[in-house]
Amino acid sequence: MSGAAPTQLSDSDYRKRSPEKEFVALSEGLPNDNPGESPFESDTRVEVSKFDSTPNPSRKAAAAAAGSGTVVFAIALYALSGSSMLVVNKVAVTLFPAPATLLFLQLSSAAVFVQMGNRFGLFSTQALEWKKVKAFAPVVAAFVGTIFTNIKTLQYSNVETFIVFRSSTPLLISIFDWALLGRQLPSLRSWLSLVVLLCGAVMYVCYDSAMDIRAYGWVAAWFALFTFDQVYIKYICDTVEMTNWERVFYTNFLSSFAVAAIAIASREHRIFLGADVYVSSCLATTTAVLLSCAAGISMSFSSFQLRSILSATSFTVVGILCKIGTVVVNCLIWDKHATPMGLVALGICLFAGSVYQQAPLRKKPEEPDAIGVEPSNAATDALSEKHMTAHAKKEQAI
């Protein structure tokens, strides 16, 4: 009988070995068809950690457990910012009728805030990188166009008109999600909610007491830009690795140059040289502008943060539901709001928007096993077959 007898281990030796070391010990003394390669290094490689007696929790569960406080804070901050932003902008642009200049003040204040926070060590941001600047160029163009058309819409219409079109955006975004971002088409429930959204929007337009063709022209331009912005910025967040504050800085800093050019081209400086600027309104105007800048910083940060930790469906639902607070505040502070029937139509749009659920991603033909799960049956069978073959060769050699 040839060959050495297999190594015998005592009970104490087994107790000293960890499950991972026991697995490695199984490979000692086995024949190897490929010199320089472990018997288990083949096309059916399985990580040693998969045989650990303690199963590893999934990344999703661990992140949900560790960041529950962050999620609550992000939702609360986004809801507060989203509910107040539209109303604050409406008040600010009414007292300060220079939308491009107002937007420039909001963007530049956000960029300065990020740099001051980085300087005093509140958070860390990296210097501008040309690769990221190029990636953010379309984001900046869409962002500037979206914000500018938003302010122009509020200049000629009430807040509810804008909210109706905002609640209707899933109609087009769901198609682009399917065509460009690899998602499935909406479910029957989602399609019904989109139809109800459209009916509510049509009903609102019919009862709009302050209908202005200029407002609807600006809101149509906003609708197209916002749709592109939602699709492309999701792509950038998934493919360009950046911190949340870096996204805020890139978006606001780069956008401020384009908005400054718009303000100069629009000759908004003539407003400040006019004779209809009264000293009695300076305090109210300054307060409204400062509040709009603070709301812009909060909205910019909370929106990027919420996108990074919540699913797109949850983000859409939170964004639509926070508009309820906007309507309540707008009705309480002044009379520049929709008629009662218009508010009913708006309620229909908000309800339909909250029922809508974004379609899941389409599954790939060959999807790898999730992290922390047991190896597939094919891999396990192949590994067992290799073990049996190795032991059979060893018995023949003995």
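Glycine is no exception: its Cβ is also placed from the backbone N, Cα and C atoms.
Sequence annotations record features per position, and here TrEMBL assigns compositional bias 'Polar residues' to 1-11. Feature annotation from TrEMBL assigns compositional bias 'Basic and acidic residues' to 12-23. Per TrEMBL, the feature region 'Disordered' maps to 1-57. Here TrEMBL flags 61-80, 92-114, 135-151, 163-181, 188-207, 213-236, 248-265, 277-297, 309-333 as transmembrane segment.
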Query raised in the report: For the transmembrane segment (277-297) and the transmembrane segment (163-181), does the number of C-beta pairs under 8 Å, pairs 6 or more apart in sequence, reach 3 or more?
Result: no
Query raised in the report: Can at least 3 Cβ pairs under 8 A be found between the transmembrane segment (213-236) and the transmembrane segment (163-181), with each pair 6 or more apart in sequence?
Result: yes
Report task. Mark yes when the transmembrane segment (248-265) and the transmembrane segment (135-151) have three or more Cβ pairs under 8 Å (sequence separation 6 or more) and no when they do not. Result -> yes
Report summary line: With the greatest number of Cβ pairs under 8 Å to the transmembrane segment (92-114), the stretch among 163-181, 188-207, 248-265 is 248-265
Query raised in the report: By a Cβ-Cβ criterion of under 8 Å, what residues six or more beyond either terminus of the transmembrane segment (188-207) are in contact with it?
Result: 160-161, 164-165, 167-168, 170-171, 174, 338-339, 341-342, 344-346, 348-349, 351-353, 355-359
Query raised in the report: Sequence-remote contacts (6 or more beyond its ends) of the transmembrane segment (248-265), Cβ cut-off under 8 Å?
Result: 98, 100-101, 103-104, 107-108, 110-111, 114-115, 125, 128, 132-133, 136-137, 139-141, 143-144, 147-148, 242, 297, 300-301, 304
